[in-house]
Amino acid sequence: MSDSEEESQDRQLKIVVLGDGTSGKTSLATCFAQETFGKQYKQTIGLDFFLRRITLPGNLNVTLQVWDIGGQTIGGKMLDKYIYGAQGILLVYDITNYQSFENLEDWYSVVKTVSEESETQPLVALVGNKIDLEHMRTVKADKHLRFCQENGFSSHFVSAKTGDSVFLCFQKVAAEILGIKLNKAEIEQSQRVVKADIVNYNQEPLSRTVNPPRSSMCAVQ
C-alpha cells in the first residue's frame, strides 16, 4: 500500500434536512448531490435519501448521507427516528416566506428532544434558501443571525436554484463536524454558482399530466 493510500481516510456523516414543505429542502439536497435543479415542485412524502462523496483538507474522503425529511412529518411518529444518530441538522427556510422561518422553532424542538436521548449531539445549521429572490425577502438577515446566536447554530444563505453557496454549505457543515478548518481559497472555490439544469422526469407531456412522477430517490453515480 502506498503512502498516499495509507494517508487517505474515509468517513461517513448523516445529515438530516428539516423544514417546511415549500422551503426548498429537496431542491437543496438535489442541487448538492447532483448539481441539478428540478423546476417542478414535488412534495417529499416521508423521506428521500441522497449521497455524495466529498474530499476535505488532509485527504479526508467523506460520504454525506443526506436525509431529506418531508415537511408534513412534523409531529409524526417517525420524525424522531429519522433524526436519531444524525451528526448534522440543516434547518431550512425560504427567505421569502416568514412562516417557514417561524415554524423552525417546532422543528428544532424535536431535534432538542431527540438529542437529549442520543449520545450524538448534532451540529445544527440554519439555512436561508432562495437568495436569488433577495428582492422578495421577508425574513431579515438580522432575524436569521439572532436565531443562530441564541441557539449556537452555524449560519448559511444559499440558492438551490442557482447553486449559489450550496456545496459550500454542506462542505462547511461536514468540516465543522469533523473539526477541520477551511482556508479562504477553499471557501472561495466552493462558493460558486452552478448551472441549474431543468430535470425532465417524463418526455411525454400528456403522460406527465396524467401520471406524475412518483419516485424522487436518487444518488450520485
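Each residue, glycine too, has its Cβ placed from N, Cα and C.
These figures come from a predicted structure and were not determined experimentally.
Annotated N-acetylserine per Swiss-Prot: Ser2, in sequence order, evidence recorded as similarity to another entry.
Summarising the annotation, Swiss-Prot assigns phosphoserine to Ser8.
Residues or ranges marked as Mg(2+) binding site by Swiss-Prot on the basis of similarity to another entry: Thr26, Thr44, Asp68. Thr26 (Mg(2+) binding site): 24 other CB atoms within 10 A of its CB, across all protein chains.
If you look up Swiss-Prot, you'll see 35-49 marked as region 'Switch I'.
Under the heading region 'Switch II', Swiss-Prot lists 68-85. Here the region 'Switch II' (68-85) is broken down by DSSP into helix, strand and coil counts: 8 helix, 2 strand, 8 coil.
Residues annotated as cysteine methyl ester in Swiss-Prot: Cys218.
Annotation comment: Swiss-Prot describes Cys218 as S-farnesyl cysteine.
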For the region 'Switch II' (68-85), what are the same-chain contacts with Cβ under 8 Å, counting residues 6+ beyond its ends?
14, 16-23, 25-26, 29, 43-50, 103, 106-107, 110-111, 113-114, 117-118, 120, 122
Relative to the Cβ position of Asp68 (Mg(2+) binding site), how many further Cβ atoms are located within 10 Å?
28
